[in-house]
Amino acid sequence: MKLMKHLAGVMIASTCLCAPALAQTELTMWYHGAGNEVESRIINQIISDFNASQSDWQVSLESFPQGSYNDSIVAAALAGNLPDIVDVDGPIMPNWAWAGYLQPLPIDESEFADFLPGTKGVWEGKLYSIGLWDAAVALYARQSTLDDLGLRTPTLDNPWSGEEFIAALDAAKASGKFEYALDLGMNDQGEWYPYAFSPFLQSFGGDIVDRSTYQTAEGALNGDAALAFGEWWQSLFTGGYAPGTSEDPADQETGFIDGRFAFQWNGNWRAVATMEAVDDVVFLPAPDFGAGNKIGAGSWQFGVSASSDHPEGAAEFIKFATQDKYLAAFSDAIGLIPSTPSAAEMTENYKDGGPLAVFYDLSEAQALVRPVTPGYVVQSKIFTKAMADIANGADVADTLDAAVDEIDADIQSNDGYGH
Amino acid sequence: MAAITPDNHGLRLFVRYLVLSLIALIFVFPLVFMAVSSFKPTAQLLSDTSSLRAFLPVGDLSFNNYADAFRRAPVGLFVFNSVLITGTTVLLSLLICSLAGFSFAFLRWKGRDVVLSIIIATLIIPFETIAIPLLLQVSKLPWIGLQGLEWGWLNTYRVQIIPWIADGLTIFLFVQYFKGLPGELIEASRVEGASWWQIYYRVVMPLSGPVVATAAILKFLIMYNQYLWPLIVVQQESYRPVMVGLGYFFQLNVVWGEVMAYLTLITVPVLAFYLFLQRAFIASIASTGVKG
């Protein structure tokens with residue numbers, strides 16, 4: 001009898017002790033970082049901290065390889081199998097919101113007032129996603145190269161003009177010291193093309209699509225400014241300044257570091273490795289071709305799936321994950337730009353005077369998000385093909401006209417994508 | 001054409017073997033490159049690609065890429081999943097498709113030729129065209145398991161196995177092979193009073209080694225290389241096969257040494273399976289004219 005009483009006491013006690021854990025409702029979360037040890041470590045830490053910080057919600061994580069993540073999401077949406085919290089690439093977000101995969105974030109936008117513009121996923125005036133970091137592109141160069149070639153060091157306030165940029169490439173080419181003047185990473189014919197190269201088009205005054213209506217690309221992608229851009233783009237390859245689409249994939253990792261390229265158009269995710277290998281590397285702002293100097297923006301962000309039964313729990317997690325300490329932890333670990341100035345101050349690389357602080361300034365001053373439209377997922381592929389074709393010698397006007405026709409046909413077949 | 005004489009016979013043989021060896025080398029080079037590169041640091045691997053050193057085990061060699069590959073992804077789990085899914089599918093496919101082939105080749109039933117024509121016609125339908133309808137279907141199918149009745153097959157082994165058991169090509173291979181067997185054997189067995197089932201497993205299948213090997217190898221390769229289907233029906237890491245796992249290695253900064261180490265590891269089961277059935281596979285090609 002004494003034993004029975006003892007057992008009953010233990011059971012009651014254990015039930016009471018376990019009660020908070022049992023009361024936690026499970027939230028599922030999908031993330032694109034499978035195989036990325038560093039990101040996995042941090043995201044797991046955030047989830048662990050969140051689960052321990054409160055008694056209502058328990059987040060469980062499933063990670064996917066980045067290359068196939070979007071396909072997995074689309075398939076899961078079709079099968080009615082989406083998780084509560086999803087990770088979404090910034091330019092894809094409007095498509096997922098339009099397709100009904102996402103719901104607006106049930107968080108007051110003022111909570112993210114100091115976040116960089118590129119980290120906010122806004123569609124139809126509503127905030128759908130928020131990012132823990134942004135990415136930026138810059139022109140990598142050696143200070144010694146600039147000095148040897150007698151080139152002015154461009155600044156954010158006083159960037160190179162288009163003519164100065166070509167003059168710099170000419171000087172590098174004429175020096176005979178380099179295999180090529182410029183590495184553009186032409187082998188990577190995925191999202192890199194619109195992310196890295198459409199800002200050149202925008203700096204000429206064109207765009208992938210007419211952003212005033214999002215109903216056509218006519219005039220934006222084949223107007224005078226776009227044609228001028230196209231001719232300039234083709235001249236980079238016909239003039240022998242940069243290797244074409246068959247460029248060696250290894251060039252983006254080793255070409256500039258080995259000194260085979262004078263300049264490199266590259267993202268801040270390779271900045272740390274480059275700084276370690278090149279003492280006098282400098283990160284220069286994009287040239288201004290007449291309509292301002294631009295770079296791309298928008299990286300991975302968190303959102304809440306439309307089918308989530310617990311959007312309030314998902315929102316709690318997203319608010320928790322976007323604390324400065326986590327933004328700083330991600331930045332320190334993977335080198336990307338933290339979303340807020342206060343988080344930037346907590347990082348090694350982006351604090352005032354930090355080696356990568358220039359990227360924060362670039363992102364703040366030059367960033368232009370890719371077209372905010374559900375049709376972007378198609379438009380980006382059409383733009384990529386057009387850029388590759390022009391680089392390979394296709395007629396500029398014909399190629400851009402064909403791209404416009406293709407984009408317009410897609411917009412029409414999707415009834416204007418809800419704009 | 002000059003006649004073959006003792007004087008030039010040796011020369012002809014030499015030239016023939018030289019050409020064949022060169023062709024063999026071309027096919028072997030990618031495998032050699034993969035295996036050799038898996039032991040090199042990424043920087044050396046990339047710099048070696050511009051010379052013949054890419055195919056030679058020279059420089060700084062180590063097993064570091066293998067250790068790192070196992071750290072980056074659950075390689076053992078992915079290989080286990082693929083071997084389990086592939087092995088189960090191959091075995092079930094051989095059983096079901098050979099039975100179907102037997103029925104089409106030896107039994108007389110109404111509509112047989114029409115059904116066979118329809119099955120063969122499915123060969124021209126790319127899987128990609130039916131992937132989404134099939135996804136919608138399997139996501140709502142019932143299943144009676146240890147936990148009782150469940151709905152939906154997503155995130156299971158069975159969703160990666162059952163839809164792939166029967167296919168037009170394998171059935172067609174068996175039908176063609178069975179039709180080539182001597183009809184007298186079947187007739188004699190019937191006269192002796194054997195049932196159709198006995199004829200299937202005592203007479204026909206023991207004579208069908210080459211087609212079994214061919215069907216097994218072809219099915220093995222199809223299943224082991226599965227990518228799209230598991231990508232859309234499996235969201236849990238614990239059920240992922242090797243090809244989806246390859247994506248773990250393609251980060252912003254690709255560590256090519258690890259990629260090569262992973263590819264080398266996942267190639268081993270394929271090579272082992274092929275070498276195991278190689279003799280029967282070649283015999284099947286020689287006897288049926290089927291090209292794999």
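From the backbone N, Cα and C atoms, a Cβ is placed for every residue, glycine too.
Pulled from TrEMBL, these are the features on record:
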TRANSMEM  B:14-36  transmembrane segment
TRANSMEM  B:78-107  transmembrane segment
DOMAIN    B:79-277  domain 'ABC transmembrane type-1'
TRANSMEM  B:114-136  transmembrane segment
TRANSMEM  B:156-178  transmembrane segment
TRANSMEM  B:199-222  transmembrane segment
TRANSMEM  B:259-277  transmembrane segment
**Study point:** Distal contacts, the transmembrane segment (B:156-178) - CB-CB under 8 A, six or more residues away
**Key:** 81, 84-85, 88-89, 92-94, 96-98, 100-102, 104-106, 116, 119-123, 134, 138, 143, 204, 208, 210-211, 214-215, 218-219, 222-223, 226, 229-230, 233-234, 239, 241, 284, 288, 290
**Study point:** Residue numbers, six or more beyond the limits of the transmembrane segment (B:259-277), whose CB comes under 8 Å of its CB atoms
**Key:** 31, 34-35, 37-38, 45, 65-66, 68-69, 73, 75, 78-79, 82-83, 213, 216-217, 220-221, 224, 242, 245-246, 249-250
Review point. What parts of the chain pack near the transmembrane segment (B:78-107), using Cβ distances under 8 Å and only residues at least 6 beyond its ends?
Key: 115-116, 119, 157, 160-161, 164-167, 170-175, 177-179, 186, 196, 199-200, 204-205, 208, 212, 215-216, 219-220, 223-224, 226, 238-245, 265-266, 269
